[in-house]
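> Annotated transmembrane segment per TrEMBL: 33-57, 77-103, 115-138, 255-276, in sequence order. Marked as disulfide bond by TrEMBL: CYS174-CYS192.
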Amino acid sequence: MSNHRYHHGGNYMHPRMSYPPHHFTYVSSCVKYMIFLLNFLFWLFGGLLLAIGVYAFMDKLKDGNGWVRLDTVYDVIFNISLVMIIAGIVVFVVSFAGCLGALRENTCLLKFYSMCLLMFFIMEMTLAIICFVFPQYMNSFLEYQFTDKIIHSYRDDSDLQNFIDFAQQEFKCCGLSNAGYQDWSKNEYFNCSSPSVERCGVPYSCCINATDISSGLVNIMCGYGVQEHSVAAASKRIWTSGCIEIVRVWVERNLYVIAGVALGIALLQLFVIYLAKTLEGQIDLQKSRWS
């Protein structure tokens, strides 16, 4: 049957306009629940990171008799448990906004979520460009800003000490700057003027063979007295190069892998931002239909 209608007088009328059915929605369930699932996983990760950070911080408070030094921004940066707490809170809050915004179809939360992701993306890209375009500047900046402070804080923070030991063992380095193992002369325990038994020494993590093969025990005295030796003599017992330079060389050797991973993360962030903005548009379109 024809959709055209006629008056009794034979005049032609336009066909009836069709509207979407009453149950129709512009909001894609696929986009909505994809955003929810991705952010739910990050929400769990943020909660886990926060819980571990709080546990480590409380344990540190207990060891420090209820006192943790936070006088400068460097005290915060070098306090690994506090960094975990801050990172955990940021991930937890942002991913929760993404979860709730997608589930409740709340455009305010989705706008907040996508803006946070965009800020993270811009900061990451800025840092990556500076590192790749000005590697020597970054090298000098890290040496100047962090060497003395990290070396001084080695025994003040057990988490930082464990991290430094791990890095020195993993990258086979000692100290941070171009001075290499001589950096440890700036630490009050390893300085040659110190009354400590560790005077003129370096941490055991600098040693080439720190673990005794027969007993399997770590020889914490393996680095004692090496600061009094020349580089050639010291290199028979310990790694002598600074970690910043070693890490820079490692990054250059694995540049394509690191760039590929960074590009993958960047594309994933852009994809999630695109999904969030798409869902925002769909929600606005649905609201306009209701109004």
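Using N, Cα and C of the backbone, Cβ positions are placed for all residues, glycine too.
Remember, TrEMBL labels are computer predictions, not curated facts.
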> I need to check the long-range neighbours of the transmembrane segment (115-138): which residues 6 or more away from its ends have a CB within less than 8 Å of a CB in the stretch?
94, 97, 248, 262, 265-266, 269-270, 272-273, 276
> Residues of the same chain, at least six outside the transmembrane segment (33-57), with any C-beta under 8 angstroms of its C-beta?
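For the transmembrane segment (33-57), the nonlocal Cβ contacts are 68, 79-96, 98-99, 101-103, 113, 159, 272, 275-276, 279.
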> Please indicate, using numbers and ranges, the residues of the same chain that are 6 or more beyond the transmembrane segment (255-276) and have a C-beta under 8 Å from a C-beta there.
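Hits for the transmembrane segment (255-276): 31, 34-35, 38, 98, 101-102, 110, 113-114, 117-118, 120-121, 124-125, 128.
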> State which of the following disulfide-bonded residues has the fewest other Cβ atoms within 10 Å around its Cβ: CYS174, CYS192.
CYS192
